[in-house]
Amino acid sequence: MIHGIGTDIVQIERVQRSLDRHGARFAARILAASERDGFAASRDPARFLAKRFAAKEAFGKALGTGVAIPATLHAVAVDHDERGKPLYCYGTALAGFLAERGLSAHLSLTDEVDYVVAFALIEKR
């Protein structure tokens, strides 16, 4: 059964302006610890951050909490499986919260020249 859906769109140039203005502090606000190496290695840091931010916003909307405890920006991370499919990873507290409620999340990400779009679906098992 579907618990919730969420979507978010982010303009990459807006993220670039924030990166230009605030540098590493801006990235640190958005990224979970597990995402920092990927960011450092990225050829397009603004696009990398835009994807993560959109995915986390979409997750919070699907969960119904917004980006707030337990679904903070640092508690949700984006990774990929061996075939490149995006997936969510969670900090310990959020993983427990989801497990207690029998919830699992799915993520779709797409990007074009100027925008990134994320769609999240959370289902109750």
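Every residue gets a Cβ built from N, Cα and C, even glycine.
Worth saying up front: this structure is predicted, and the values here are computed from it rather than measured.
As recorded in Swiss-Prot, the features of this protein are as follows:
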type	residues	note
BINDING	Asp8, Glu57	Mg(2+) binding site
Please report the number of other Cβ atoms within 10 Å of the Cβ of Glu57 (Mg(2+) binding site).
22
Taking the Cβ of Asp8 (Mg(2+) binding site) as reference, which residues of that chain separated by at least 6 in sequence fall under 8 Å from it?
Phe53, Ala54, Ala55, Glu57, Ala58, Lys61, Val117, Ala118
What three-state class does DSSP give Asp8 (Mg(2+) binding site)?
strand
